[in-house]
Every structure is written in structure tokens, then in C-alpha cells.
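J.: Structure provided below as C-alpha cells; questions to follow.
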Amino acid sequence: MDVHFECQCVPTWISYYVHMAPKWFKHLSTALTLYIEIILPPLFLLPFKYARYFSFGPQILLMGLIMATGNYNFFNLLISVECVAILVDSDEFKFSTKGIYPRFQRSFTHLGTIMSAVLIASTLYFFVYYFNIDIDGFTMQQFDEFVEESTVWLLRIGVTGFIAEVIAAILRMTGLYGRPEIILEGSYELNGPWTMFDFYSKPGKLNERPRFVLPHQPRLDWQMWFAALGTYHNNAFFLSLTYHLLRNNSEVTYLMKKYPFEEKLPKFIRADLYLYHYTTINLKNKWPKDYWRRDFQQEYMPSVTREDAKLSDYLYQNGFVLKKQFTLMNQDLNLENKLRTLHDLVRTLNPTTFVDSVILAHAVLFVAYTKFRKVTVITMQ
């Protein structure tokens, strides 16, 4: 967790403040996350409802904290909804004690309650033993030993579950020394001045606060995060993005926060790689004006122009740019015009606001339909 909050794909402004938390708190968060995601999930499958209830709460809490500190679209909402099934005792799949010898039936009935009590007690003892309620109840050496030992055991369990490759992939993707960011800039002259292209939610300007965009997923911003981990040679979409930005293609510039060359198209475009870090409180305990600080790393892509034949040929040959303009073969021109008008109207709205509005409208309609159906059934009876 030391680097997670500033290095995730699209952080929120809450992650900026959580990143300032003490190191022991972030290490504890790591241990708890591994505990919730590796140790507790097998309890989902037990036939004892109290054991499932015990595993449900921490899982929902973790999903809520992830949503507060990072924009992972609808992923955490989906997991939370799926976890609701843990609380449901379906008659079709309900565990039965029929056939059990009467002498042991009562004992078996209370086994779930006993197991839940043991789980709760052992968990509380486990954490209270290592994390005394007193503020200074443990030394940093004891805490480091606990984190090291518990992490080793949790990773061993993870290996048996064949998730070692996933963990390794995450470690490769996470910037251990900062957050790599590609900064795209356009200019009318090769010698500048250069103007930065603003993306919808990915870090760019140092004084711009991270924002909440979930459950919307700004896919271009996510792709730029992955592109920063490699080179432009391995990211054909990045070359396509450059091509369309040089031509102010509205289908592409709509995905960005603002296109800075509305009056006159840029002649040159370039990309540099920076390493971004969250700023920290200064020695006078005052919050800085900027949220980010950055260090130049290297040139990501050299300057290209609209007349660059190699770029155009590459995109045409690989199907990123169509040789013939696509036309919609539709006899109902009235419907086509209405759809285009609706499309243009939607594009004037903030994407996050639009997605939230659609979800809210569906929720209202669902509640209204449910209430109306109940009233109809009662009336018919």
C-alpha cells in the first residue's frame, strides 16, 4: 500500500489523503486486504449462515474502501451485488439435517453458531494480540515481524490457489518508484511553445485534483496508464490517437477533457514520459498547492507531423484508419437524423454525470415498477 494509492490507474482525491497515512497503517491495510481476499472467501461456501455473514461484512467494507480511493468503474459494485447471495438461504439448496442420527442432530444444528463464534473470537484474538488496543501497545519491530510472517503465510495459501501469476503481474504493473505518465503536447512550430493535451481523468496538470468518475470508465485514460508501462511501438492505439489528435477528429477528442487547438490545428505532436508522485505536507504542516510533483524520465515518442507518411501508412495497413468513409445504409433517414441528434446531445454532457443519471433513472423506474406491481397484486386480491 506504500505505492498503491498514487500508482493505481485512475485515483480519487481521497487516495491523496490516504497516501499520507502512517506507514504502519498502510502495512496493516495490506495485511487486512490479504486476509479478506484470501482467508475469508472459502467461508462463502459453508452451509452455516453465520459463518457466511461473518465473511460478508469485511468483503463489503473492502469494496467500499476501494471505491472511495480508486475509480474501478462498476467492478466493486458488481462484486458487492454478487455477495448479497451469501446472505440468502434458498429452500432449494438449504442444508438439511434429515437422516442424521437424532442423538447428534441437535449438536449439528448448533455447530454453525459455534463455528461462527470460534471464527470471530480467533480473529479478534489474532489482531488484538498483534495490535494492542493501546496506541503504543506494540513496537515497530513486532509489527514488522507480524507483517512479514503473515504475508508469507498468506502468499503460500495464494500459491495453492494458483494466483501467484496474478500477484506477479500486479507487481510488474505497479510503479514501485512512482507513477509513470505520458504527457502529450502539440505545437505549431517544432521549437514550441508546446501545449499539453488534457485527458478526462488521468493525472496531467500538477495542480489538478484527482476526481471521482465511477461507475463510468474513461477507457482512454486507462489505456494511457498501460501505455506508460511500455513503449509506443507496442501500443498501436497510441499512434492512432496521435494521428486523430493532429486532425481534431471529434470522435477522439470527445474522449478527452478539452482539445486545446480548436481554432488552428497543431502541426507537431510529441510525447514525454514523466514520473509522478503525490506531494507531501511541508515542514510547517501546511498542505501544498499542487497535488502532484513530477520528474522527467525520457522521450516517449519523437515529434511527428500531420504529413508523416510512415505513420499514415502504418495505420492504413493495419486497419486503424479506414480507406473509405463508413456510411450507414438506412432507408429511414428520419430515424437516422434523430439518432445523430441524440448522439450529439449526449456528447455535450459530462460522461460521469450522464452515466450516473442513466443508473439513477433505472433505479427509480425499478422501484416504481416494484411498488406498482405490489399495489396491483393487492388490488386484484
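Cβ coordinates come from backbone N, Cα and C, glycine included.
Where the annotation comes from TrEMBL, it is an automatic prediction and has not been curated.
As annotated in TrEMBL:
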type: DOMAIN; residues: 1-90; note: domain 'Lipase maturation factor 1/2 N-terminal'
type: TRANSMEM; residues: 28-48; note: transmembrane segment
type: TRANSMEM; residues: 60-88; note: transmembrane segment
type: TRANSMEM; residues: 108-131; note: transmembrane segment
type: TRANSMEM; residues: 151-171; note: transmembrane segment
type: DOMAIN; residues: 172-302; note: domain 'Lipase maturation factor 1/2 C-terminal'
J.: In the predicted model, what is the mean pLDDT computed over the domain 'Lipase maturation factor 1/2 N-terminal' (1-90)?
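T.: That region's mean pLDDT is 87.
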J.: Quick check on the domain 'Lipase maturation factor 1/2 C-terminal' (172-302): DSSP residue counts for helix, strand, coil, in that order please.
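T.: Split into helix, strand and coil, the domain 'Lipase maturation factor 1/2 C-terminal' (172-302) gives 28 helix, 38 strand, 65 coil.
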